[in-house]
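A.B. asks: One structure follows; several queries about it will come next.
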């Protein structure tokens, strides 16, 4: 199963809301956030809001407690544990930040399921204030206006793909919901799978640009559907790889390829 890499977005793909908004709202800083929002990029604003919260007496422990009660999409944690147990290489590519993500994953007991977390850096400074920095330079060069200035997930996926080629890993499954997940969806190859959340921004973008997507598309709407489709795709890939292995070992054996198609969930047609 070493040939399967599953890449998760985080907000609204693992947790059921936006982690930045959750922290701001739960700590009572929504009005200030809304006043500052038109004045600076989101990533810079979140760093500024951490300063404001610190000045108001909010501590790192306060932020951690808020993160530990964040709503999780039902069935996502069992799906992650199952995929990990099956030997998949699980990674995160998210426009949240490393402090939020690591805190939540550790609280859920699934931090060790992931081999890599690609997100905006975050650290606690000497004053006890959380600092949030951009993942990419604000001039990362991506031509898609769906990518925020601080992070192009497509560039992250290209780096992962280059490393996978060296490791001999060939298949990727990408799960996401937001507009920022459109660019990495375009990077997926014919043998890959994209799992956009239905009726979220990435679903609409894929629907409007279907001809640009090379990977097979399997939409999901809730955690139960996400779990079912993800594990079915993993099962289908496993069957296919085992059959090719058998072919390599036994050149004259006939392989019933229809079994692969039966195991794979049908790609969901996008509405036009």
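Including glycine, each Cβ sits where the backbone N, Cα and C put it.
Unlike curated entries, TrEMBL annotations are predicted automatically.
Quantities reported herein were computed from a predicted structural model and do not represent experimental measurements.
According to TrEMBL:
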type	residues	note
ACT_SITE	9	active site, nucleophile
ACT_SITE	11	active site, proton donor
BINDING	9, 11, 177	Mg(2+) binding site
BINDING	20, 95	substrate binding site
A.B. asks: Have a look at the active-site residues (9, 11) and report the one with the fewest Cβ neighbours inside 10 Å.
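C.D. replies: Looking at the active-site residues 9, 11, the Cβ with the fewest others within 10 Å is that of 11.
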A.B. asks: Can you check which residue among the binding-site residues 20, 95, 177 has the largest number of Cβ atoms within 10 Å of its own?
C.D. replies: 95
A.B. asks: Taking the Cα atoms as reference points, how far is residue 20 (substrate binding site) from residue 177 (Mg(2+) binding site) in Å?
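C.D. replies: Residue 20 (substrate binding site) and residue 177 (Mg(2+) binding site) have their Cα atoms 16 Å apart.
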A.B. asks: At the Cα level, what's the spacing in Å between residue 177 (Mg(2+) binding site) and the residue listed as 'active site, proton donor', rounded?
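C.D. replies: Between the alpha carbons of residue 177 (Mg(2+) binding site) and the residue listed as 'active site, proton donor' there are 8 Å.
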A.B. asks: Rounded to an integer, what is the Cα-Cα distance in Å between residue 9 (active site, nucleophile) and residue 95 (substrate binding site)?
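C.D. replies: Answer for this pair: 8 Å between alpha carbons.
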A.B. asks: Measuring Cα to Cα, how many Å separate the residue listed as 'active site, proton donor' from residue 95 (substrate binding site)?
C.D. replies: 8
A.B. asks: Other residues near the Mg(2+) site, CB within 8 A of the CB centroid of 9, 11, 177?
C.D. replies: 10, 12, 13, 14, 94, 176, 178, 181, 197, 200
